[in-house]
Amino acid sequence: MATQEVQLNETLTHLKTESETLKTKLEEERAKLHDVELHQVAEKVEGLGQFVMKTRRTLKGHGNKVLCMDWCKDKRRIVSSSQDGKVIVWDAFTTNKEHAVTMPCTWVMACAYAPSGCAVACGGLDNKCSVYPLSLDKNENLAAKKKSVAMHTNYLSACSFTNSDMQILTSSGDGTCALWDVESGQLLQSFHGHAADVLCLDLAPSETGNTFVSGGCDKKANVWDMRSGQCIQSFETHESDINSVRYYPSGDAFASGSDDATCRLYDLRADREVAIYSKESIIFGVSSVDFSLSGRLLFGGYNDYTINVWDVLKGTRVSILFGHENRVSTLRVSPDGTAFSTGSWDHTLRIWA
Amino acid sequence: MTINTLAKEGWNREQMACFRKMEKVIVAMQDPDMGMKMRNQRLLITVIPHAMTGVCVCVCACMSALHIGNMLVKYGYIYPLKEPRSLVLRPDESPYRFQTPYFWTSTRWPASELDYAIYLAKKNIRKQGELMEYEKERYSVLHKRINHTWDFVVMQAREQLRASKQRRKADRIVLECQEQAYWLINRAPVCSLQLCSSLYYISKLCYTIETCKRALGRNRVKSSICLEGFVKYSEQYLNHDPIMQGCLPSNPWISDDTAHWTMNTETVTIPTRLRVERWSFSFMKLLNDSLGRQEFMTYLEKEFSGENLCFWQACEDVRHGESSKIIEKVEEIYKTFLAPGAARWVNIDSKTMDKTLEGIRRPHRFVMDDAQMHIYFLMKKDSYPRYLKSDLYKNMLAKAIVPQETKKSVFPFMRRQRHASPSPAQVVTHGVEEDGHAKGGGQAGTNSGGGSHV
């Protein structure tokens, strides 16, 4: 018995050493092909002129902190969720509220619009992701038609429909991501690899449409294959929790925003971090990031109530936008790139253009 | 509650309570609705039914998943199909199976010496030299101790072996595994449970090492090439980025005029020039735009290769549609596109065709993936470039609209009336389009000002 334990401890030490050696080797391999920095390549690119963006709409109606929002494919409708359990569907153009649902839990941290525009998904402290079909009958109680799809063992941090209304991808505080079939509620695939809460995810706009990226409290951003459940790439350069990940429009890279007050760009083909967007004067964490349609601009919502606009290629800050009266918790560019929307702990949402 | 080392015979009450808890977990895991996904697992060349992977077990057990999972394996509620002696839960694709309740610890099936003797005798008869060292020792000890009933032991062993030969190979393997797992627990060669935590860290490290090794094997591209790609992409899309360059006739959020959206709806008859230009940026952009796809279909039909796009769309439907309809959709695809002499037969290379036909016997969501990719790349490399050079595309580009920029209103304080638009949710009552996309979302009530049709 004793010899067996000694053997195991030896194995443990041996494996630890091997793990460290491999990690170092991996970094060396990655560095070998890094022959130029992004800002060097971008020197020949024209600089961006004066940048003017203003709040064009303010959506008031939530009674508490706005935690998450998503655009509808029709480019003008929005779904948003807040700490008091309310989920509201707005026509952001007219600022009218079209639907409202009260969830049975507080802190609804995730919400998503279905591609067809006929349903929304949301979840949070209830550890579940539920789908509500949207009905135009004003008298109909939306909550009655609710469908429980995903079930985790800890809070739901993010959710997203895949290419259709039939499948949902979720991430959770239990450290896993999962793919669910909406119709049956069946778990189609689960993704293990994060060592702590997973806070965000984004689907790749690639040709084969089979991968997604997730970011977590373990400072890692992992790229997953949806079909096999395997983690195909992993990046660990942030110094704190990763709150938001978003793919570059071409699908060849993704950006991340973290509590360490930086946004970083990771290239998937080069398999490394290629840019850091930070300033000494920015000390508060980034809660949410998104690209403009061409990928030239990166918008970041920060915990110091501001939005910083970065030139992705040159690495410089183009503009800083003020308006919210509390931290910006969520930020998404509209599907046609005409505007972006932010949600904040000041109970409002703003549309900027 | 701590679980102490295994007792030689029987289990005390405290431990029994623990076993009952584990059994509750096990039952829940096997619930057909909420439980684990089980499927047939390949073990060498035999397919074992109702097996699951180590990773799936972790999902169900979750919090300190690996730890609980390891417990379940240690106590025999789940057993591994490969390496049965290694009573460790691997968080990977290794196949596992639930132990039949007959063998559950709590049912207190008397693990008597006689039964153990029969088990060892069977192993010995089945294959000489299959017994491990400690098993050989115990075999000879038993032989001495219950020598008077040895004939009975051997006879029973032979009978059981003969009966098992009647079974299907898959069932036989399963039963052998179950039995082996049971005896590994009840007559374990090693006992200490403090090993559990070391095993947990070991499995975690193994996982990290595996990921690192896979990462080292990747093909990487030089930074200069990748970063050039970003510069090119941004340049190409610069004019298409409303926030960077503005949009024509005006940005609806700024001018309150929805003409821009009206001109760019999915079903518009004459698209804008920028939109048609985007179709030439990448094949994916063309396919993602329903109007672009329609145009491409028209072109393909002229070339008598329209079935390729139809096939691709049908495969997308399988991949993203309802789980319940997968089987019937795959059937339909087979009949229409793949069967010999099919009405719209698609040209796939023989290797992919064989693999797909094999997979169709047990249809699942991704069964058409290889064939779909083959056709996708065929269209991308062949038909797509020719379409861009064709008259059909060039004419579309020529007659596309370039809206006139709306000048800012003379009286800046007079706000236009903001019109509502029909909600996409309305589509549900009128019947949803095939691919579940919203019809004509974002159409304004009236089209006030802006937009000249050239």
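Numbers run from 1 along the shown chain.
Every residue, even glycine, has its Cβ placed from backbone N, Cα and C.
Listed in TrEMBL:
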REPEAT    A:59-100  repeat 'WD'
REPEAT    A:149-190  repeat 'WD'
REPEAT    A:191-234  repeat 'WD'
REPEAT    A:235-276  repeat 'WD'
REPEAT    A:286-320  repeat 'WD'
REPEAT    A:321-353  repeat 'WD'
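Within its own chain, the repeat 'WD' (A:149-190) has Cβ neighbours under 8 Å at 68, 107, 109-116, 118-119, 121-131, 196-203, 209, 212, 214, 216, 224, 226-229, counting only residues six or more beyond its boundaries.
Sequence-distant contacts of the repeat 'WD' (A:321-353) (same chain, six or more residues past either end, CB-CB distance under 8 Å): 53-60, 62-73, 75-76, 78, 80, 82, 90, 92, 244, 284, 287-294, 299-309.
If one looks beyond the repeat 'WD' (A:286-320) by at least 6 residues along the same chain, the residues whose Cβ comes under 8 Å of a Cβ in the stretch are 38-39, 41-42, 45, 47-48, 51, 53, 243-250, 255-259, 261-263, 265, 275-277, 279, 326-333, 336-337, 340, 342, 344, 346, 352.
DSSP labels the residues of the repeat 'WD' (A:321-353) in these numbers: 0 helix, 17 strand, 16 coil.
Confidence over the repeat 'WD' (A:321-353), given as mean pLDDT on the 0 to 100 scale, stands at 96.
With DSSP states grouped into helix (H, G, I), strand (E, B) and coil, the repeat 'WD' (A:191-234) comes out at 0 helix, 22 strand, 22 coil.
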